[in-house]
Amino acid sequence: MVQTDSRVLCVGVDCESRLVTRLGAELDHSPVQAVPSLTAATEDALATAGCLVAVVDEDGLDIEAVEQLSGHETPVVAFPSPSAGRTDAALAAGATDVVTATGPDRFAVLAHRVGMVRDETPVGRFDPTLTPQSEASATDASFAVVAVGSAGRIQSASPSVEQLFGYPPDELEGTPVTRLVPDRLYDTAGPEVVASLVGDGRSPDRSWIELPGRHRDGSEIPLGVSVVESARDDGHRVSVIIRDLRDEYDRESRLDQLATAVEASMDGVALLDDDGRYDYVNAAHAAVYGYDDPAALEGEHWRNLYDDAELERLESEVFPVVTGEGRWRGELTGRRADGSTFPQEVTLTHLDDGGLVCVVRDISDRVRRREDLRTERRFVESVIDALPDAFYVLGLDGSFQRWNDEMRAVTGYSDAELDGMDALTVIPESDHDRVGAAIAAVVHEHETQTVESAFLTKQGEEIPHEFSGRPLRDGDGAVVGLVGIGRDISGKRLREQRLSVLSRVLRHNVRNRTTVIRGRAQQVADAVTDSELSAALAAVDRSAAALESASERARLAERLLRDRDTERRPVDLCRIVDEALDSVETSGIDLVTEVPESTTAAATAHVTHAVAELVDNARTHCDSPTVRVAVTAGGDRVRIRVADDGPGIPAHEREAVQSDEETPLEHGTGIGLWLVAWITSSVGGTLTFEASSLGGTAVVLSFPAA
């Protein structure tokens, strides 16, 4: 046999052909050479190549050239174009194999077939002088060799025949070769093939053909068969070279599946040659550009699908990346067949032969949604910037992530300075612990917090603000930060300061004047004996005492209302009632309590003052009153009910307290009920009035159960 190498020689194309480049890449860069015609190839090149690829088309070889190539011992793979329609003729001309694949995988199929023929097929014809034993010594599991005598019986078989057919070689010796052939082969195969297998002396077809074989278990095996005739002293014989095609069929099936998947893909997939023209286009790729038939794009240049501005971007920005990195992905604007444009997402992948794989997706809906979100975001930002209060978003680390114009204006810091700044930087140092704890409670405990402090401006000025913050959650409900509002309370603080000064002055003056009035009245009462005058002086003393009491209630109201610790927490209302009753004078009162051991509600300890005020109010307005205090729970509320048998609360006072507004015509005689109402509402409770079975009025304080 002539010594050969692994070189693949393509006949009928020049060395610059895309076929040569792609075949070399598919064959792991094995040597691939090319000659434009049969006459340009030397006999030595043809004889020593590992495989010949005959390119059959109008620009390449004809069938006669294939027949001439088949006269050499080198295996020949014919590669006719689909339009040539010469598959049968190529086989008849003696080609070892024929590849007619089309589409994006045709070069991969060709490379696979060339690899099979070149690497697995014994190259050249068997020398008639070789013995049957040496012919059957092949051990490559990918093919088997069976020597058949003139009587159609197997004389020898290579070891790999057992893996292929399930028979040990010695078990086959002396048995008819038809043992390896399905019965149906006689009905479907040509007579010359069957005759050559049984060795009737006819000249066999020396090309590779595909036939089914029969395994020992009765199953059929796809085989590639080549029959080589030899004449020996002991009689006529043929050598049957058998290839196992199961793996090849599996690979081809996977390639077919891949091609089917690409064709059925909703994304547009295309192959471009090294000149930028479409080699293959799937239906989705054609449709995205407005073409009904993919064939309308094949052979066209990609530049026809883009406007000038986009072409400039592709040339200057995109293709340098594709060339340098082998891949680019991004958004472009394509042009449809009707001239309209559309946004697209494009992935370009560089191939070894200089071509490109192009995947395109129409993203019109995505861009529309993105623009809608941008419009909505601009609207939200304009609303936030229009707020008179400072708006801000803190990250989990307590740093500023977003803010509005008012935040920038009041602090004096620029956007660049605020970005990532720790929130405590704009808070006076004396409040760091308190404000920091509130931020931590929002971020880590997921609580809503309100705290009064001040903005410390860039210039060092402190501007009083009330800060309210609540957890900021993402789409999955996870807390990702804090969203807050800072409200300027400078005017509120000033009003509170003025009212506090006025209140202190008034209380001081009232206390001093009432002390004088009561002292002088007592002096006069001690000096006179007239009963009517004594009664008048007693009335003066009671009025002065009531005025002192009102002053003290006003002081208590001011203290409670100025107390900023109004956060509701679970408290035992039964304990609250006990403490209230302990704090008031109950002598002279017939006190009845209906209080369980424990009942918890969401409130604060300030409720103690409200209950005490109600009991004291009953004692003040009635001689020897009966007062009933009850705590009940029902549903999601807990109620404290204080009832008496007194004269009742006038309707205009009840209406004024419940409407939270006094008028010159509708006002109360004191601040006791107002104090009760303020305390109750400040902790989230409600105040109502009911008729009492004792004959007077019942006041009901209701709070959320905890």
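Note that the numbers count up from 1, one per residue, in the order the chain is shown.
Glycine too: its Cβ is placed from the backbone N, Cα and C atoms.
According to TrEMBL, the features are:
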{"type": "DOMAIN", "residues": "145-192", "note": "domain 'PAS'"}
{"type": "DOMAIN", "residues": "254-325", "note": "domain 'PAS'"}
{"type": "DOMAIN", "residues": "376-446", "note": "domain 'PAS'"}
{"type": "DOMAIN", "residues": "449-501", "note": "domain 'PAC'"}
{"type": "DOMAIN", "residues": "505-706", "note": "domain 'Histidine kinase'"}
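Secondary structure of the domain 'PAS' (145-192) per DSSP, as helix, strand and coil residue counts: 19 helix, 11 strand, 18 coil. Model confidence over the domain 'Histidine kinase' (505-706) stands at 80, taken as the mean pLDDT rounded to a whole number. DSSP places the residues of the domain 'PAS' (376-446) in helix, strand and coil in these numbers: 43 helix, 12 strand, 16 coil.
For the domain 'PAC' (449-501), DSSP puts the residue distribution at 12 helix, 30 strand, 11 coil.
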